[in-house]
Amino acid sequence: MGRLGARRLFLLAACLGLCGARGALGASFYGESYVELNIIEVSSELSLQLKFQTSKPRGLLFLAAGKNDYCIIELLSGNLRVRVNLGAGKQVLLSEERLRTDDLVWHLVELYYVKNNVSLVIDKHYETTGHITGEVHNLHFQHGIYIAGHGGLDVPYLNGELPNFRGCMEDVLFNQEEILASLRSYPGFKKVYEVSLGCSDEFFAGEDEAINFFSSRSYVTFPEWKVPGEGLLEFALQTGTQQALLLFQSGREGNFVALEIVNGLLRAHVGWSKSNTQLSSFSLVSDDKWHVIQLKFTGSSLALMVDEQGVRTLLPLQSKPFVSEGPLFVGGLNARKGEEVKKLGFASVPKKSARGVSFKGCLRGLEANSEKRALKDALVSKDIAAGCKTRSSDHENPFMTTMENLLRSEVPLSTTVVEAGKPFFQDASSYFLSLSNLEIQEGGRALLEQRHMKVDVESEDLAVPHSQILFKIEEMPLHGFLQLDVSPVQEMEKAFTLLDLRQGKVWYVHDGSEDPRDFFTFSVSSNSKQKMPFYLQGRVPYVFNITVIPVNDPPHLKLPEGNLLLLFENSKKRLTPNIIHVSDPDTDSLSLSFSILGNFNSDAGFLENTNDPGKAINGFTHGDLRDGNIFYVHRGPRNSRILLRASDGELVSNTVVLRVMAVPWGFEVAIRTGVVVQQGGTVLITQSNLSVEVNGEPHEMEIRYAITQPPQFGQIQQQGSSGEWKQVSTFSQHSIDRGQVRYHSTFRELQLANVTDHFKFKVNIEGKVSEELMFPITIRWLRFTLLKNVPLKVSKINRQVLNSDHLQAVTEGVDVAQKELHFKLLTPPKKGKLLLGNKVLKTNSVFSQQNITDSKISYEPQERPREDTQDTFRFLIVAKHIASKDYTFRINFEADKTRITVTDRGLFVKEGEGKLITKSELFAQTLDNQTFQYKITQSPQHGKLKLINLSDPLRSHDNITAFTDQDLVGERLMYVHDDSETQCDEFLLVASAIAPGQDGVVRDLDTEHLSTEIKVTISVGLKNDEKPVRVVDRVFHVVRNGQRLLTLADLCYHDPDSDFDDGQLLYTRRGIPNGDLVTASDLSQKLYQFRQRDLQEGRVLFRHRGADSARFVLFVTDGVHYTSFLLEVSASDPYVQIANNTGLLVQRGEGSSLTAANLSVTTNQDIRTDHEIEFHMVQPPKHGRVLVNHSVSRLFSLHDMKQGHVFYRHDGRGNSDMFNVTVRVKEVYVDVGIYVRVYSESHQHGTQILLQTLVVEEGKPVKLSRGRLQAVHEDNIPAEAMFIVRIPPMHGYLRKSLPEEGSLGADEKSPLIFTQQDIDDGNIHYVQIAPEQQHDHFLLDVVSGIQAVNGIEILVDIVPKRIPLEVQNFTVQEGGSKALLEDYLKIPSKYFEGVDCEFVLLKPPQHGYVENSNFPRIKLMKFTRKQVENEAIYYVHDDSEELLDNFTVFANSSELGKQSLPQTLFVTVESVNDEAPVITANNILQVWANSVTEITSGDLCAEDEDSSPQDLIYWVSPPSNGHLALKSFPGQSIQNFTQAQINKGLVVFVHTGAMSGGFNFQVTDGLNFAPRQIFSITARALTISLEVNRGLSIFPGSTKPLSSGDLRAVTNDADSTGNRTVTFTVINSPRLGRLVRVNSDNSTEDVSVFTQTLVSERLILYQHVDHENTGWTAEDSFTFTTSSPPAALGPEEFRITISYEITEPGRHSRLLANTGAAVKEGDKVLIGQSNLDASNLLLKLPKSQRSSYEIWFQVISLPHHGTLMVGERNITKGKPNFSQYIVNKFGIIYLHDDSESLADNFTFAVWPNQKSKSATKPKADFLEEMFNITISPVNDQAPALKTKGLRLKVLQGNRFFQNHTRSDRREDLTTAWKNPSTRQQGQELYGGHAYGCMARPQGEAGKRKVSSSMTVFLRKMWSVIPCVCVCVCVH
């Protein structure tokens, strides 16, 4: 009907008087609007009716909210959803999907709840019902009733993302009460937020309609503006506002994009990663004109365009992209977002202004990223209207739009009643009355003037006086009242005149509420007696809008629950809004804060924030209070109080006093019910299972449960923050309340008894601990029952289904679904396969009871049963990780005694010879031994069958047709080969059973068909009995003095033996008179022998020299036969000759390829590739074109022709054509003309081509016979049918044999043309040459007369040389057998499908053998494929304990003369447990009393050849003097364990009681048992004693190790001296020092526990550290205990003496420092406090006297080689004293006297001297020590030569050694060294070398050379002696 029609209909209703009460007008909700009724509704039934219309698919319609009960009606994807929880359980109702309610049409919703039945009815037609189980009870809605929104209510059943409703509602009745009867708020009872009267036009606005923002708080939000990489906003605006916020889009991490108007100009902002970029335009927009705006934002720039004038700026480089978050605000902001944006410092958003920041004006055409955004897309709106005037005014009513023109011709009635603050659309009345909004400050008073209500009394010449125009108030304002100064009559009627309005008698007084709008409705009438128009008859309702300017009110603080805060002593209590309540309607709660003005008793307690626990705070925010983060912590007196005040940032509230009273408390465990859990499951421990009451009531104190004894069969677990469950030993009541504590049953074994579990715990609350309590746990143990275990019967080889009639298991105690009840296969069946679907189940495979029930488990035997036997498999039942005992399932086989078993191994016979066929090669039999007769249905083709009689050869029969079993057993049947060159033969026969006693008579087989077909294959071993034959005999042409490859086109032989490879023919040549044969790759290597394959592969090169014509001899052999021939060589000049030019035969208008079959050339030049032969077009064709690779070209090569790339295309003219080409080979040319014959289409009919695929052996030739290729035409003879090779074969060549001696004619290696007659005569062969190829093909054109058939493809299948054998490994049971199936020995080739080859064992099995099941225990070395197919060949294991075996096999076909490569089959042997365990060690275990001792394999050991240690289980009786346990749980007794656990050291014996005892034990591997034995255990007491406790003496400030000489403890365990650990535990540490341990990296750490080993290794040190409390002598100690479990020794004391009197190795002084000094020779050194310090002598004095004494020194013995000085004064015997003070401050100096001394010293006495007395050395009580000085020598003296008359006598030719060890020669050369250091150097030189060796150098007569050692010595001498002359005399 459309929007205009709807309004006209409403006008009609108004004329009929149907528009009466407000209830029919409805209300508008704008996305944040809601109505809240704070009533506590309690009822047993519920009814609700409401009508709504909306275009939004989501929104909350209705909410009745209680603590637990609730009823929610919501829109979800355009459908209605009802969620209720009315105390009896949750229920959800959904409307039909097809029933959409977001179509902007009125819908009626009815909801009823009566007696647990819920029904939802929509539009009186669509009903959905539901039933709630449980007891009926009253409904409690403590939080009240909500319409269209939840008002920020925080309850768990509300979805925080559910938006408020946006649209219109009316007739909302809840339990028969009208909710929207009045839109007035009543504090404490009803709150109406942002709801207006009537249904707003903005919900019906069109897509292109403008948006009018008319208030300072106007705004619209749209879905977020996504900026993936680039964002674009476009719109047009009209405004006069100078300052306002236009757009705001927030992003993650505080990012934003904004656009504002500042001083009439646009300014854009981008906040991104803590950077803020601004961009301002220079175009004025606040001029009340329309402007087009474009804002573009990318990752790198920001652009702003106003009316095609743009500005742009770059943005800082960012590492993260801009991600939008939240809605797009247009025109302004809501209160919450406004508080956030105030912090950003926008000019349009003042920080402390209470007025709005909104834009006033019009906006249209909004597009975000080119997507339109209209009012229908809005999420929330406030103070906006649809449509704009061309010019707007802030005070004129913005709703008077151009839409008024729509009703100019209508009846002058109001179309509808719109929302408050907006007048109705009206027609003629709009000319009479014009309304403008009244603006008033919150709580203020304003005059209603004539400018607000303009009346045009002269518009229709009414001439009505102002006093007769009466305004009657229909409904007073909601948030204020009208004050009328009028007559009493008018005041009672709530009316005033236009004259009253002009005289200022009408006032509006606001009530101070926070609603930004108010309105009142009125009508206009006249009391004039003349006839008035309709709009002056009081029938047209008007709405007058009042805009309220908000004022910031101070917050109000109150204590709803009273001013007393009760809590338990020394506990803390959470403060909530119910305790401290603040209200500030004009401030967002997040902006409110509280301050603590005083705490009159701060010792009593303090307030804390959970974000910083334990720290007192003096203020907090409302958000922290709301979130429950604020606690009062009590710590002292019971009574105190707190003063609180609230603030909104500008104004502060009233002050309240909160009194605090702490009461004493006690607690008890009120609930301890225990839990019930299934084995393997989990159960939550909830508040209903375990809780504590303090003083008999709930509380908020921290309760912790400490587990003192954990449960035996499970764990107590707590859920962590990441969701994982971990075992804990403590948990809190808070964790229980949140469902984070559970019991997890972990016991995975079968439990036969009904055992319960429990754990013990203690409760700890604020330091108070309860007694130990027990929490019971009842476990429902899982038990298995095998209901059915019925054997499966198998009589055929087909699969048999194993269903629940055969195998069925159930559980007790725990409900387990069939799909979760599993069977684990322990050992699979051996004679068949167990399958799940098509998957073979193996060891440890799992299937379920559901699989069995669904018939998915089947058994498939490996072969047809030959006898009655049985197969089994073993399994466990597993559920919930718990396994049962093992069970066995049986499969019973029933054999088929009439099944025929055929032996068919095939025959091998040599070419031309015969072979007897015996029972081992061919035989048929059954289990009941019936007799068979064999009838030959197909005789052999290359031989014959005959019956022979060795005793009577004349009675032999040839070409027989039948024979019997007796013929085979009696070895009378023979096959004789016909000596042809065939490699295989075969014959077919039928074996049929005959009745007993009736030879040759086949019995009647009506019901049993006891016959079978048999195919016997015969392999023929060919003989090499043919000599090679030459098939190519032609003259070899070569360029004179040149070279050319010798190929098969020049020379070729063929060996008629079909099994010989022609490529292996060996050529041997003799001398060549006019050249040489060389290797093509190495011209220097001559060839004397080569094979035919070398010719084929181009390896033989002929090089000419000498005569032009000659012949040479070549010998050819196949290895047995030899032949020779002459090869003629002709040399000439280079030439090119046309060998073939057939021309082309082309159909008119068509084309044909020009190939080597049409045109070929020969040449004597060395041509390696076809590219070297080129064809140049000389004269093109007249009636066609020659195309090369589909394009016209004048050049092509022989390669192009062979590849079919040269094509002649006829143009349809003429009957013939011709073109000329020049053939070029290198530098030689020849011209040729190619003739083209053209025929019409009618000439080509009649020729038929019959062809078959060629099959050829790899490397062999095959004939193209008439049956394989035939061109048939009724008018032509075979010689006229011509075949032209278009594309030759790729992996072989075509060969044409000539009648003369079977050789080929010249140039006929690959014939390009041949006839049907050649094929019929058998002269055309295909010769396969390329190895390892499977297919080949070639293309032929057939010409019969003028008819041609083009492109006939001949396919060639190549049979491989070797048999492709593939093998598969298999598994067999120990001692068992396994049939070798076809899958194990597979020949995957179609060419070998019917071939019965032999399998020959190249390497037999090592731990078994291969046998024929018909002849058991006979080891085979070969067997046939047929036997494998019949499953007659078995691998038999030798029953050894070896678990792996293998054998190597190859396939051999005598029929084909082929073999495979050897292949190895690997056999996995499944062990069979058939050996009993053997006890190999049972020794008496020696233990210490009350100790835990590991049992090793040397003490107790069992072995089993076929079982692992894991499978060997010890069953033991309880020991008489202790118990057995696992090392990880020594306190838990065990009755069984495995050998593997002993080997791993996991089994221990815990001794208690008697000193001797033991236990009985028996070992089993699961099936077999070892004899029962006794394991003996003897114990003795372990004692420990302290052998050495000598103490330690240490010099103060030093560190000293403890040794075994200081401290040593020993035990009486002499056998384990090195292994037993003795531990010292320090219980009282030393006072003056510390004990440290030296680590491997030489670092140290404090230690309180150490071992005797560490003491013995001197790794435990005592370090003295407390110098202040240590005198000259002090005593320290530490107390320790000694233990070596189970022995222990009580506390002992280790004493430490600390004294300066102690003499230690390496320490020669009792002073703090007497280190000595070092000085260079002749130099001086300062001796300071670090060298000499005796201040520790003061420690000898009482502490009180030390300050009055000082330390003095007296030099008793002065230095020998130097002087001591104090300042400028020398220390002498007369003045020998100096003090420690002088040493510390100035030091003393030692000056060396430059003598050659290496050491010096002085002796001194030192004593404490009273400061008040002169320094005099006492007679006693002084200390005397020596100060050592080390002198470093300096080389400053020259040596002096003491030897006089240097002379050395040497006998000529001899050597003379001068050495200082010869005392008689010492005087020869001696030097005196004055410097000590040089003396040492000289001694080394003198003593370390031989001093002389005069030698005559070679080649230099008369010269002498001194040895190197002498030279060195002399150089050193000359460096210090001015002149030395050494005479050497040579005799």
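Glycine is treated like the rest: Cβ placed from N, Cα and C.
The signal peptide annotation in TrEMBL covers 1-26. Feature annotation from TrEMBL assigns domain 'Laminin G' to 24-199, 209-388. Residues annotated as repeat 'CSPG' in TrEMBL: 429-525, 554-649, 666-764, 783-878, 898-992, 1027-1119, 1135-1226, 1245-1343, 1361-1452, 1476-1566, 1583-1683, 1708-1807.
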Remark   = When pLDDT is averaged across the repeat 'CSPG' (1476-1566), the result is 91
Inquiry  = Based on DSSP, tally up the residues of the repeat 'CSPG' (1361-1452) by helix, strand and coil.
reply    = 8 helix, 40 strand, 44 coil
Task = Test the contact criterion for the repeat 'CSPG' (783-878) and the repeat 'CSPG' (1361-1452): 3 or more CB pairs under 8 Å, pairs 6 or more apart in sequence, then answer yes or no.
result = yes
Ask   = In the repeat 'CSPG' (1027-1119), how many residues does DSSP call helix, how many strand, and how many coil?
value = 8 helix, 47 strand, 38 coil
Key: Considering the repeat 'CSPG' (1361-1452), which listed stretch of 898-992, 1476-1566, 1583-1683 counts the most C-beta pairs under 8 Å   = 898-992
Ask   = For the repeat 'CSPG' (1027-1119), which stretch among 429-525, 554-649, 898-992 has the most Cβ pairs under 8 A?
value = 898-992
Ask   = Quick one: DSSP breakdown of the repeat 'CSPG' (554-649) into helix, strand and coil?
value = 8 helix, 44 strand, 44 coil
Message = Can you break down the repeat 'CSPG' (1135-1226) into helix, strand and coil residue counts using DSSP?
response = 8 helix, 50 strand, 34 coil
